[in-house]
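Annotated features, as they stand in TrEMBL:
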REGION    25-44  region 'Disordered'
COMPBIAS  30-40  compositional bias 'Polar residues'
ACT_SITE  His108  active site
ACT_SITE  Glu183  active site
ACT_SITE  His187  active site
REGION    201-220  region 'Disordered'
COMPBIAS  201-211  compositional bias 'Low complexity'
Amino acid sequence: MPSLQTLTYYASSLLAQLPLLSTKPPQPPASSIDSPRPLTSYSPPPSFFPPPSSSFIHHCPIDSPTSCHNSTAYPDTCCFVYPGGQILLTQFWDTGPSIGPADSWTLHGLWPDLCDGSYPTFCTEAPMYHNISAILAAADERQQRRPTERRRVGEEAEGGLLDYMKEYWLPNRGSADHFWEHEWNKHGTCVNTLSPSCFSPSSSSSSSSSSVEETGTETYTPGDEVHAYFSRAVALFRTLDTYTALAAHGIVPSWTARYRRADILDALRTVTGQEVVIGCRGRVLNQAWYSFNVKGSLQEGEFVPSAPVGKAGRGGCPEWGVRYLPK
């Protein structure tokens, strides 16, 4: 049976598309640094699990600068991802042991690299947490209680975020909880727009319940930033169907086939219109990195495909004879 990832890809023309990915190159202000090369046209499949109608209170203007394209300070730090403005969506193809559906790659992480390709880790932009599953389970429960009219497209048709992650965001060793905790504490804490100060006052503040009902905005609960990070990562992952892109170019898992690195890269370039970095263990293909800049906040902004910066040390696949093993 095809995976949910593949079915979602083929259903793209039938479902509403949320403004997750931008198909237009950023329009930098006059004071910005050099512009990136133009993007090719790309119509991604629909994404689900957007941040809920939550306590993120900043309605970022449509002309918010794009990360890594602004040379001057931006006053509203909740609407501009900085300094980690090159966002990497990284994927695994694990075969020893096999992880996830046989016809889908799985999620590794969402990483806020700096604009020069270096990267911070274990930051203080957002708090560290050690109970990721409990936070996401509570958020899923709150979503189920939310009135239908306040749900976004796709929420009512899908299961919970945590259930999805248990199939598509798993490590090849150790526990899922430890893996998710590592991804949040190492990378999620480095996203400045996920700071608690960007969310509405907590339920212990003076905000009245009536104002919450009027605005449709929930009060901040510690961990809202965690749910925003993981839901956004999953939403972006679901627009990047690596398996289908490779298969469309005749690159399929096989015990005997050998592939050229250039052919793999050409196939994956069709996903976003930009170069994708791939990783191998020896000659065996096992990772892919998609690069983006963000227009607005990470939790509600647009992801703009970008050329990878600072890719030295990543990848390592040979020019010839790359193996793509079955799960």
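Just so it is clear, glycine is given a Cβ too, placed from its N, Cα and C backbone atoms.
From a predicted model like this one, the values you see are computed outputs, not experimental measurements.
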(request) Please compare the active-site residues His108, His187 by how many other CB atoms fall within 10 Å of each one's CB, and tell me which has the fewest. (result) His108
(request) Can you check which residues sit near Glu183 (active site), meaning Cβ under 8 Å from its Cβ, same chain, 6 or more apart in sequence, and list them in order? (result) Gly109, Leu110
(request) Please classify the secondary structure at Glu183 (active site) using three-state DSSP. (result) helix
(message) Please report the Cα separation of His108 (active site) and His187 (active site) in Å, rounded to an integer.
(response) 12
